[in-house]
Every structure is written in structure tokens, then in C-alpha cells.
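Noted in TrEMBL for the protein shown:
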REGION    A:1-75  region 'Disordered'
COMPBIAS  A:57-75  compositional bias 'Acidic residues'
TRANSMEM  A:151-169  transmembrane segment
TRANSMEM  A:181-207  transmembrane segment
TRANSMEM  A:219-238  transmembrane segment
TRANSMEM  A:244-264  transmembrane segment
TRANSMEM  A:273-294  transmembrane segment
Amino acid sequence: MAAAGGGRSGAPAAEWGGFEDNMQGGGSAVIDMENMDDTSGSSFEDMGEMHQRMKEEEEEEAEGEAGAGEEEEDGEFLGMKGLRGQLGRQVADQMWQVGKRQASRAFSLYANIDILRPYFDVEPVQVRARLLESMIPVKMINFPQKIAGELYGPLMLVFTLVAILLHGMKTSDTIIREGTLMGTAIGTCFGYWLGVSSFMYFLAYLCNAQITMVQMLSLLGYGLFGHCITLFVTYNIHFHSLFYIFWLVVGGLSTLRMVAVLVSRTVGHTQRLILCGTLAALHMLFLLYLHFAYHKVVEGILDTLEGPNVPPFQRVARDIPAVSNAVLNTTAKAIALTL
Amino acid sequence: MLWLLRNVGKAVIVAEGATELVGLDPLLICHPCSFCLFALAGSCNSCEGINESVLCLFQMRDLKAVGKKFVHVMYPRKSSALLRDWDLWGPLVLCVSLALMLQGGSADSKDDGGPQFAEVFVIIWFGAVVITLNSKLLGGTISFFQSLCVLGYCVMPLTVAMLVCRLVLLAGAGTVSFIIRLIVVGAMFAWSTLASTAFLADSQPPNRKALVVYPIFLFYFVISWMILTFTPQ
């Protein structure tokens, strides 16, 4: 079997016979014969020497095996001792074949993108309709609302958010020390989409809500449309009040839509409260975080241009460390004096 | 898998030979991404064996094929030459040159030179893979590497834009230079998007072309944005 396997793998490897040989540890005489005829081998002298050495080893092992007939069980051990023996090579070859078969089976099972195909079966008109619907809260919450289990729209929205975030970080000159701008943007957006979806799905499972993982991903993904609009506008027009208006109106609308859909699919007041409260909080806070985390330097520039028109939020945050340091110093001195 | 392993050995020799030939920093060429790409880019079918000269790689036939594809990108007509004989040499060269030119453009210390190269490299190849997967999932008839080939070659106008931006920045970094750079980058971005759309959109069902074009638009937009906001230190 090792010989057949070696021959099978030897034929396509005719071009690089030397390389394959070194990797697999030879195998059988079938490979050797093929390599002898191979004109693309590394060099004839090396192949000839290797072939001669392997022939001598085989002769030695044949003598050794004839003598060690009693210790049949340890025959493999003897062969594996140096891994140069014929048995050792066969075992290695078999392991390689089995491993290759398992890897190709796993690859064809998990890397088959056709399992995702149904989730990308959309028309442009449908995507546009769903984008607009994501901003319109439904009124009917007593009847379970339909959620399209589609992944194209959410995926494109996440990538759009990444692009907008990158634009915001670049214009605010955010300096990321441990990592890259692109890595941070992708990590933030995908982390939010996948992480919060998984967490909400887990909560939905606890609260007995009728929603699948793909539907949750789709719902949250389309909810990011509001975030995209808000950030696109407010990263270009830097007014705090404008951001708060957009945060409440646009962010609020998309949150209401998601909350209404979830409420329609959950039974029980406590469960509805838990699910919807968590989703609303996470969704709104994420938008707040995206705006403030990547925008501070631009505000600094605006402050210096506008003068003493500093928003109170920023001033308080800046002063607190200084005050606490001074207090610490005085108390430390006081304690030292008393001691 | 076997083919890939076979070609990795080729790639090691190619990488070492190429660095001496081109005079690049071996660390950049020995980057893991470069290995895979060198292995996949191997279109030198008659270059057998380790002892063959590295120069056999740059055969006239391969150079001519790469050159023809560059011409197809500059004058995008609906031809199947780019799709039929795909190769990844052109995209690799363009990607590496763009990544090298975008290095050293951060506001921080010189330590940020490393992530810049890897960042651009990963963005281009990861973005191209995502677009390819997306077009396949939407029912496209194009193969994986054909799509990678087209997207990679269509980065060429943006590489030209980067070159022009660097030259303009040598003259100064004022408002006028920003406007010039904006116009140049904008034009090249439109050219890239149109060129890749001309090749890729035909392989899609007619009513889903917009769904395929949007991620391509986003991809080249991100690259254009990186080029436009580049400021040398």
C-alpha cells in the first residue's frame, strides 16, 4: 500500500522529485525508479547517491528482519529507531496519506462556500428596501415580525462602517500604538457585529425568544445603517449638538425598529424588558463610543480656534487627574510630617 | 495542496534570488504573505530545478503577458485576455510597490514603518479575497484566481496616483497640492473602479451587477483614501 501510495504521489511530483523525496523520506523503489528518469531533478549525482544509500539500507534491514523474527511486535520499534528503516519510512508515508486525506475531507466540508450561498441570494431592490425599513419602527408587536435571514446587506454595512471609521480616525489623527488603524477599525466593527449578535442570541435563548442566529446577525447588521449615516455626517461636520440630535433621532429610530421586532418575537414582560433593554443600551452606547473615541483631537483643534467655548464634558475629564494628584501629594506630605 | 508545497520550495529560491537581483530588503520579501504569493504567482512553467538561473523567470513570454495585461487595464475594453491567462505577478509587484511607497507616512515615530507595509498588503489581499468570495456567492461564473488577478491589476492606476502624489508632496504640502492630489486620486479611483467593473460585472447575472460593484467601489475607495491622506515624515 505504501508502494502504491508512493507511486500515486510520485507521478505528479515528477517535477520536484528531490523535494518530495526529502519530505516523505523516500517510500519505495517505485519512486526511486521514477526519479532516476526525471530530468528536472536537482542533480543526477545526488539522486544517484541517495538511491545507492537507500538500496544499501534496504539490504541491511532485510538481513536484520530475518534475524529478529521472534520479536515481531517490536519489529516496528526497531524500524522506528532511526526513522531511516524501511518500516519507519512506510509508517511515515502512511501517516502522511491519512493526514492528507483527513485534511482534504475537512477542507471540503468547512471551506465549502456553498453553505453560505442561500444567505446571499438577494436582489438590489430588496437590499434597498431593507435598508430603508431598518429605520422605520413597526407598530404591530403582537404578531411575530418577519426577519430576512440575509447576510449580504449586513456584511456590506459593516465594511462601510469600517471605511467611515477609518476616515474618522485619519481626520482626527488618532495614533494607535499597539496595532494599526485598519486593524482597529475592522476589529471594532466586526467585533461589535459578531460579538453583540452572539450575546443577544444567547440572551434570546435564555428569554425564549423566537429568533435564529442568522436572523439576529441580519437584524443587528441592518441596524448599523443608522450608525453609518450618523457617523458619516458627524465626522465631516463637527458640531456636538448635531451629533446628539443624530444620535437620538437616527440611532433611536434604528434601535426602536430592532426592539419592536424583538418584542414581537418574545413572550413575557420581564423577558421583553431584559432583551430590549440590553439591545437598546448596547446599540446606543456603541454609537456614542464610536463618536467620542475617535474624535477627540479634532475637538482639541476646534477649542484652540474657537477660544473658551469648551464643552463642559471635556473640561471636567481633563481636570480631575490634576486635582487628585495634588490632593494625593498634600495628603502624603501630611502623613509624612505626622510620622 | 501538493502543488502548493511543491511551489513553496520554488518560492524560497525565487525569493532569495529576487532579493539579490532587485536589491530589496530580504525581510520584506521573506514576509509570509510574499511566500504564498510567490508560490501562487509562479507562471514560469519551463523553469525547472533549483540550479536554473533566476533570470529564466523573467522570460520574454511572461513579461509580455504581464505587459499586455497592464495595457488592458489602462484601456479597459471588454476582452477576455485578462481573465483567460491569469497570473499574480502583476498584482504582487503593484501591491509591494504601493505598500513600499505608503511606508513611513504616520504621525508617530519610525517604529510604525513595519505595520504600514503589512497593513497595506493585508488590506489589498484580504479585500480582494472578500470581493471574490462575495461575487462567487452572488452567483458569479468567474474563478477565484481570475478575480484576484483582475482586482490586483486594477490597482495600477492607484499606484500611478501614489507616485504622482509623492512627487507633488516633494514640491510642498499646501492647499494647492492637496487639491491637485485630490483630483489625481479621484480620477485614478474612478479609473480603477471602471476598469475592474468592465471585467468583473460581465460574469454576474445581469440584475445583480450593482451588488458586485459596491464592494469593489468600497475597496478602491479605502485604498484611495490611504493614498490621499499620506503625509511623508
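Backbone N, Cα and C define each Cβ position, glycine as well.
Beyond the transmembrane segment (A:219-238), the same-chain residues lying 6 or more positions past its ends with a Cβ under 8 Å from any Cβ of the stretch are 130-131, 133-135, 147, 151, 153-155, 157-158, 160-161, 164-165, 167-168, 171, 193, 196-197, 200, 211, 246-247, 250-251, 253-255, 257-258, 261-262, 283, 286-287, 290-291, 295, 298-299, 302.
Taking Cβ pairs closer than 8 Å, the transmembrane segment (A:151-169) reaches residues 116, 119-120, 122, 127, 130-131, 176, 181-182, 184-186, 188-190, 193, 214, 217-218, 220-222, 224-225, 227-228, 231-232, 235, 290, 294-295 in its own chain, all 6 or more past its ends. Tertiary neighbourhood of the transmembrane segment (A:273-294): same-chain residues 165, 168-169, 172, 174, 188, 192, 196, 199-200, 203-204, 207, 209, 220, 223, 226-227, 230-231, 234, 243, 247, 251-252, 254-255, 258-259, 262-263, 266, selected by CB-CB distance under 8 Å and a gap of 6+ residues from either end.
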